[in-house]
């Protein structure tokens, strides 16, 4: 005999628990929601987020910095033209830095194509470039004779290795999580705006108010 009142109380309590969510939706300002949605849509129209643009700038910095160090190394060896002939035309894996420059070009092309042009939202491209860079540099340091050529034998491989891993960290811990969070906020704001539009209908205009025609006397 006591089951029916208990079930009624449970149903009543569940309906009371659902009321705060409705109150929250009622308390939402539709103007603020629309402004927030428009800001997110404006970011989407840009085609690329600010944090992704920063990542692409860092990838460009990686290429330019390695190129600068390589040019300095060429000048140290007695002139750019002579060193270029020696390192490019007469390439030697054990003593040339030209392959480290090409490795930076490889990273730049793959990452810009994947994350700037194709706007990829996955880590496989950066994982591929970092794995190739790490394996190549480790093999070059072990097999080649770079350490016998002075400071640049240490600087170029170490800087290239560090920059590749900084790019991996920045994409995995900054770019992808922040873009996913912004997308979730956009979906939540859009859903809340739709609920607010249903619960708060627009203000009636003057044209929606009218007076009925006068009735005929005696009708």
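Just so it is clear, glycine is given a Cβ too, placed from its N, Cα and C backbone atoms.
Heads up, TrEMBL stuff is auto-annotated, nobody curated it.
Computed from a predicted structure; not experimentally measured.
On the 0 to 100 pLDDT scale, the domain 'MENTAL' (48-219) averages 85 in this prediction. Residues annotated as domain 'MENTAL' in TrEMBL: 48-219.
Here TrEMBL flags 1-20 as region 'Disordered'.
What TrEMBL records for 55-76 (among others) is transmembrane segment.
The transmembrane segment feature in TrEMBL is assigned to 96-116 (among others).
Remote same-chain residues near the transmembrane segment (123-145) are listed as 93-95, 99-100, 103, 106-107, 110-111, 114-115, 157, 160-161, 164-165, 167-168, 171-172, 176 (criterion: CB distance under 8 Å, separation of at least six residues from the stretch ends). If you look up TrEMBL, you'll see 123-145 (among others) marked as transmembrane segment.
For 151-171 (among others), the entry in TrEMBL reads transmembrane segment.
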